[in-house]
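Participant: Quick one: the structure is below, questions incoming.
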Amino acid sequence: AWSRKNDTTEGQKFSFGHLSGFSHSDLDSCLTALAYLAGIMAVQDNMTSDAKGLEASSAEKRRRLADKVRFRSNKVHSLRGDHHSDEESNEEVQESETPDLKRQLKDRHLQMIAIGGTIGTGLFISSGTAIAHAGPAGALIAYIFVGTIVYSVMTSLGEVATYIPTAGAFTSYAARLVDPSLGFAMGWIYWFNWASTYAVELTATGMIIQYWNEDLSIAIFIAVFWVFITMLNFLPVGFYGELEFWFSAIKVLTVLGFMIFAICIDAGVGKQGYLGFHTWKEPGAFAPYLIESNVNTAKFVGFWAVLIQAGFSYQGTELVGVAAGETENPEKTVPSAIRKTFFRILIFFVLTIFFIGLLVPYDNPNLVTATSNASASPMVIAANLAGVQVLPGLINAVLLTVVLSAANSNVYSGSRVLLGLAREGFAPQWFAKVTQRGVPYISVAFTAAFGLLGFLNLSESGGKVFNWLVNISGVAGFICWASINACHIAFMRVLAARNISRDTLPYKALWQPWLAYYGLFFNVLIIFTQGFTAWIPSFDVSSFFVAYVCPILFVVLYVGHKIVYRTKLVDPAEADLDTGRVETKSTSWETSAPNKGWFERAKGRFIG
């Protein structure tokens with residue numbers, strides 16, 4: 001454009017008046033370049049201030065930076081004569097000051113959230129049903145197998161979440177990397193998973209307290225704990241992290257204490273004397289299930305039936321991905337939590353199932369008791385068989401903290417998923433509203449409202465509806481795990497399309513991307529086959545729909561969204577890898593030197 005004005009006389013001073021011969025596009029290009037230059041100057045100013053010392057908050061730094069860019073950009077626009085109205089300017093300022101989620105979760109919080117999200121009623125109670133259906137060896141193999149699937153999911157999620165630590169939920173990865181319709185269906189299924197599970201956990205609190213007094217109504221405790229847990233989630237996320245830290249610590253100590261107890265009882269401390277592997281010999285290592293004509297087939301059916309139960313127990317490990325958007329220094333804290341997942345799986349699940357199988361035979365009738373108090377816990381059954389009378393009440397008290405911790409995580413996770421859906425345009429925008437302290441209050445209130453479904457358990461017909469909710473929350477976990485594996489596979493294709501090496505990722509997992517294909521295959525296989533009991537001994541329509549209502553709902557959501565919005569698969573070359581990544585790249589984090597003591601190293605490896 002400057003070369004077109006070569007008719008200016010030598011020595012004549014430049015002025016904006018000489019731009020009259022420029023085309024509008026030339027002038028627009030120049031002014032846009034000046035705006036970008038102003039933005040670069042603002043970034044340099046911000047980097048200089050960061051070099052002198054850390055700012056009080058990364059969110060405040062981004063707002064100040066946005067104000068600088070906006071101010072200088074507006075000055076350039078004023079040269080063009082693009083005068084904005086006061087209302088438009090006020091809207092820009094208000095948008096820049098919109099509150100967001102706060103990165104207040106520290107490394108120790110994230111470590112314990114990863115543990116607390118896994119250890120729950122599934123391990124303390126449902127593990128007894130697994131022993132009864134598959135036997136000690138069959139249940140052990142099933143939990144190890146599902147543990148490998150979970151590990152594939154966690155490493156898949158870890159590579160994506162550390163590269164794009166999205167605030168709200170990992171469900172946005174499906175929309176950005178695979179298909180917007182997949183993100184829509186996955187997000188709503190995952191949200192309903194946590195919302196309905198909240199009702200399950202609230203009901204469990206009442207049943208647990210009834211262990212001490214059966215005359216008390218469950219409704220009282222559903223109402224009391226609903227108010228308590230819901231109010232906790234209106235506090236800043238730092239309170240959630242701190243509370244979950246201590247709740248999870250109680251869970252960890254309980255599991256470790258049971259392991260020590262089991263070793264002592266198996267060695268002969270109890271009234272039964274030395275046990276060893278007697279339960280593996282009598283009644284046996286594998287239990288036949290459902291089929292009577294062929295024992296070997298019945299044993300395999302028992303093993304396969306336990307897979308879905310093991311999956312229920314493992315659900316919650318993916319909470320690391322939900323919390324990544326509210327974690328300080330996610331590039332370091334998230335990989336740390338992911339790396340330790342395998343050790344947690346090995347210790348807190350596999351070894352617990354192993355010790356339960358040593359102490360309790362699979363034909364013990366108490367293992368399949370349809371209750372949710374201490375009498376149904378295989379840990380309590382083991383204590384009663386050993387002649388320890390004081391343990392049931394103690395275990396029941398621990399179960400109460402376990403359920404409250406799970407309920408707390410339900411509301412937290414569900415509200416963040418709903419927030420992510422709103423930001424992706426898959427839910428009404430008012431779900432994205434956040435308080436100045438970073439609490440998505442409308443999403444919290446809406447998610448918590450579904451906890452009131454727990455009152456359905458008080459009616460005669462409510463039990464059937466309640467079982468449907470439990471099944472939806474269970475199978476939904478496998479659907480989301482499969483979607484996470486699919487997101488990682490798509491993520492690898494996006495990196496390849498942009499010539500980005502995996503070596504540059506903040507977290508590079510072992511055996512990826514092959515683990516993602518492994519997890520996707522078996523997650524889908526379990527989803528389609530988990531309702532096989534509907535055909536044994538004869539086809540039952542009610543059992544079929546209970547087993548497959550969640551996959552059917554997922555397909556309806558996916559197909560319905562695709563028909564209405566006519567979405568297409570995301571082109572790897574056009575996938576969004578920048579939103580959520582750029583802002584954390586430009587943020588400095590305070591870190592403390594790690595303690596090199598042996599105790600701290602052991603605690604960090606096994607506890608967090």
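Positions of Cβ are set from backbone N, Cα and C atoms, glycine also.
Worth saying up front: this structure is predicted, and the values here are computed from it rather than measured.
Residues or ranges marked as region 'Disordered' by TrEMBL: 76-101. Taken from TrEMBL, the feature compositional bias 'Acidic residues' covers 88-98. Per TrEMBL, domain 'Amino acid permease/ SLC12A' is recorded for 109-569. The annotation transmembrane segment is assigned in TrEMBL to 112-131, 137-153, 190-209, 216-239, 245-265, 342-360, 380-406, 438-456, 468-495, 515-536, 542-560.
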Participant: How about long-range neighbours of the transmembrane segment (380-406): same chain, 6 or more residues beyond its ends, C-beta under 8 Å?
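Facilitator: For the transmembrane segment (380-406), the list is 116, 119-121, 124-125, 128, 197, 201, 204-205, 208-209, 211-212, 225, 229, 244, 247-248, 250-251, 254, 261-262, 265, 269-272, 316, 356, 359-360, 364, 366-367, 373-374.
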Participant: Are the transmembrane segment (342-360) and the transmembrane segment (515-536) close, by which I mean at least 3 Cβ pairs under 8 Å that are 6+ residues apart in sequence?
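Facilitator: Between the transmembrane segment (515-536) and the transmembrane segment (342-360), which are separate recorded stretches, there is no contact, as judged by 3 or more close Cβ pairs.
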Participant: Under 8 Å, at least 3 Cβ pairs, sequence separation 6 or more: does that hold for the transmembrane segment (542-560) versus the transmembrane segment (245-265)?
Facilitator: no
Participant: Do the transmembrane segment (438-456) and the transmembrane segment (216-239) share at least 3 Cβ pairs closer than 8 Å, excluding pairs fewer than 6 residues apart in sequence?
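Facilitator: The answer is yes, given that the two segments have at least 3 Cβ pairs within the 8 Å cut-off.
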Participant: Checking distant contacts: for the transmembrane segment (137-153), what same-chain residues at least six beyond its ends satisfy Cβ-Cβ under 8 A?
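Facilitator: For the transmembrane segment (137-153), the sequence-distant neighbours (Cβ-Cβ under 8 Å, at least 6 residues beyond its ends) are 127, 130-131, 280, 285-287, 299, 302-303, 306-307, 309-311, 313-314, 317-318, 341-342, 345-346, 349-350, 353-354, 357, 481, 484-485, 515-516, 518-519, 522-523.
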Participant: Tally Cβ pairs under 8 Å between the transmembrane segment (216-239) and each listed stretch (190-209, 245-265, 468-495, 515-536), then give the stretch with the top tally.
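Facilitator: The stretch with the most contacts is 190-209.
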Participant: Roughly where does the domain 'Amino acid permease/ SLC12A' (109-569) sit in mean pLDDT, to the nearest integer?
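Facilitator: Its mean pLDDT is 84.
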